Amino acid sequence: MAPFAPLASCILLLLWVTAPSRACTCAPPHPQTALCNSQIVIRAKFVGTAEVNQTDLNRRYEIKMTKMFKGFSALGNASDIRFVDTPALESVCGYLHRSQNRSEEFLVAGNLRDGHLQINTCSFVAPWSSLSTAQRRGFTKTYAAGCEGCTVFTCSSIPCKLQSDTHCLWTDHFLTGSDKGFQSRHLACLPREPGICTWQSLRPRMA
């Protein structure tokens with residue numbers, strides 16, 4: 001059987017090299033979309049990891065919530081969120097928290113499942129300090145005003161065409177190759193008049 005060992009090794013190597021990539025990929029959402037499409041949006045500190053039943057294939061982070069922006073009704077009688085669950089493997093969209101600073105606050109947007117906050121690679125999770133003043137204002141109050149009747153519509157190729165008067169064309173990805181462009185950091189898609197939504201500045205208006 002020995003002469004066949006090198007051949008078997010070559011076949012296995014070839015299968016490994018040519019196997020399709022299973023990495024999780026997704027485009028980060030506009031922060032307004034993240035708030036509108038999430039059940040829970042909070043500010044929190046990641047303070048540690050907790051033991052989870054390994055058969056669940058989940059990773060659990062212990063957090064300390066410092067502020068809730070959305071989710072009071074979804075939590076029901078619960079007054080706090082202490083844990084965040086995510087798939088254990090990055091290949092299946094598991095979120096890996098890399099910061100070792102336990103005092104650093106993060107904006108975390110996710111959904112509830114079986115009473116636990118769930119996030120993944122595609123979720124909006126960002127250091128609070130990295131958000132612009134306009135984005136902080138948006139999460140605190142303004143983004144919610146556009147959730148019911150307005151939609152941030154991503155432009156992924158030319159020509160970009162709006163499908164509705166309630167859509168705002170988001171071109172940051174296409175023009176800059178980044179989700180952190182001007183529209184993301186400074187604008188919200190809000191009602192201008194009934195049936196019409198436009199990009200509006202999140203800067204405070206002067207009296």
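In case you wondered, yes, glycine gets a Cβ from its N, Cα and C as well.
Among the residue ranges 24-27, 104-107, 204-207, the one that Swiss-Prot annotates as region 'Involved in metalloproteinase-binding' is 24-27.
Looking up Cys168 in Swiss-Prot gives a disulphide bond to a cysteine among Cys36, Cys93, Cys122, Cys189, identified as Cys189. A disulfide bond in Swiss-Prot ties Cys155 to one cysteine from Cys150, Cys160, and that cysteine is Cys160. The disulfide bond recorded by Swiss-Prot for Cys36 joins it to Cys147 [selected from Cys147, Cys150, Cys197]. Cβ neighbour density within 10 Å is lowest for Cys160 among the disulfide-bonded residues Cys150, Cys155, Cys160, Cys189. Comparing Cα positions, Cys197 (disulfide bond) lies closest to Cys147 out of the disulfide-bonded residues Cys93, Cys147, Cys160. DSSP assigns Cys168 (disulfide bond) to a strand in the three-state reduction.
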